[in-house]
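S.K.: Pulled these features from TrEMBL for this protein:
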type	residues	note
DOMAIN	35-134	domain 'BTB'
TRANSMEM	178-199	transmembrane segment
TRANSMEM	219-240	transmembrane segment
TRANSMEM	247-265	transmembrane segment
TRANSMEM	314-335	transmembrane segment
Amino acid sequence: MTTSTRLVPVMLTRQHILLPLVTAKDLAVDHVSDEKLSINISGRKFETWKNTLEKFPETLLGSNEKEFFYDEDTGEYFFDRDPDIFRHILTFYRTGKLHYPRHECLVAYDEELSFFGIMPDLISDCCYEDYKDKKRENQERLLEERIENTDATKLKQTLQQKMWAAFENPHTSSVALVFYYVTGFFIAVSVLCNIIETIPCWYINDTPTSCGDAYEKQFFVLDTACVIIFTIEYLLRLYAAPDRCRFLRSIMSVIDVVAILPYYVGLGLQNNKDVSGAFVTLRVFRVFRIFKFSRHSQGLRILGYTLKSCASELGFLVFSLAMAIIIFATIMYYAEKKVNDTRFTSIPAAFWYTIVTKARLARIRIVKNASGQALFNKKKAHEARMQAFEQGLLSFDALRDEDIFEIQHHHLLQCLEKATEREFVESDVTFDGGHSTPPISETSSLSTVRPLKRKRKWWCVRGEDDPEEERETRVTFNQSMNQVHERTPDEKVELHNICVSQL
């Protein structure tokens, strides 16, 4: 058996990976004409397919260099390495995913990866954070050993390094762990105060008063305490940072500044009426304090790594959605361009309608069951109002306050008529479980016949067959038992005004 010395570079970043991207389709190889290989790791035998190893030709087992370890007597490849770690390496060849066993020694794990020519940066996202934390702990432990051997002249540098190690890994000491939980508690208090102060506490003359205005001093004291803790933490991090310029340019540093800066700027703008709008805008930036949780949550950091690795796919998704929104918004704009008092005054103005429509298409079943039921409940309430008005139980001023839900519903149906060139009419239909939709009529128009399902004795119509200059809105009264319901002239004028506002 011939032995060979093999040098493999280890200090590479995740951006310098030269191995090909392996997909599930590539891993699904045909083993009919394949060759089975036997690998002996310190007496423990592993078997796999040759094509499985050749998926990674830049590694030891995937290249021809493994022939140096071939034993002709036993017909197997012999490696005097750790068999417990090798099973994770063999799993990497099979699935394309490299995992880090937490119970294994980090140095031994790195040595095995280095021997087989596998870069540590290929570790999957699920284990990469644990691997980095373990590596950071080892580096800090080595750093502490060096610090203990330094003389008193380097005491200031040692203090900075200890502080930075405590901030980056609070589990190294009890003091750092206490400070870690204290800052996390004040972050939660700050976010909760920002939410609770907007809740109405009581009403004065039917005017709601928020808790922030009712207990202004109490909320100011809590906000001041939180900002003091955040400021102390930021200044200590700035002092302990090995590279202060790099720290100031980091994302977490920007989040810390945005979290505390509105408070100090607001102290100077609070009593200045000329810049009260700017003060309100600065208070909005306090919501960015919630991003400080990312420093205290390992799961959020893993999510950040995942989003970063999927940036190209997410970018394509956003690009495709933007294309669809622009196309449909353009269609809606030109379809409504010549309509008087249209809300689609420009293509950007039609963006919101397109975005809402695309979002609701994904939850059409929920719309039919929940929102549809709410629509009919609103209509029944409106019918009850109209009936009370006809019986003289409701004033005309109360009736004029048309329900905003009703107005939006009719406007959207009119837009649907314009876009689809089809006519719709509301009829008295029973919906079982809210799963049905109103039928489509090919003869009646919503703009011609106002809701016929309403059990009122009158409805509003517009003469569509009349010439354009002679068209007018009028009130048509229902005939019951061949008798026309008599109305006074004042009532007819009031009902005519209602029709004008509805049509």
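Using N, Cα and C of the backbone, Cβ positions are placed for all residues, glycine too.
Remember, predicted model here, so these are calculated numbers, not experimental data.
Map these features onto the structure and tell me what's around them.
M.R.: Mean pLDDT of the predicted structure over the domain 'BTB' (35-134): 88.
Here the transmembrane segment (219-240) has long-range neighbours at 160-161, 163-164, 167, 179, 182-183, 186-187, 189-190, 193, 197, 211-212, 247-248, 253, 256-257, 259-260, 263-264, 289, 292, meaning same-chain residues at least 6 beyond its ends whose C-beta is under 8 angstroms from one of its own.
Beyond the transmembrane segment (314-335), the same-chain residues lying 6 or more positions past its ends with a Cβ under 8 Å from any Cβ of the stretch are 307, 344, 346-351, 353-355, 357-358, 415, 418-419.
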S.K.: Using DSSP, what is the helix/strand/coil residue split across the domain 'BTB' (35-134)?
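M.R.: Breakdown, helix to coil: 46 helix, 20 strand, 34 coil.
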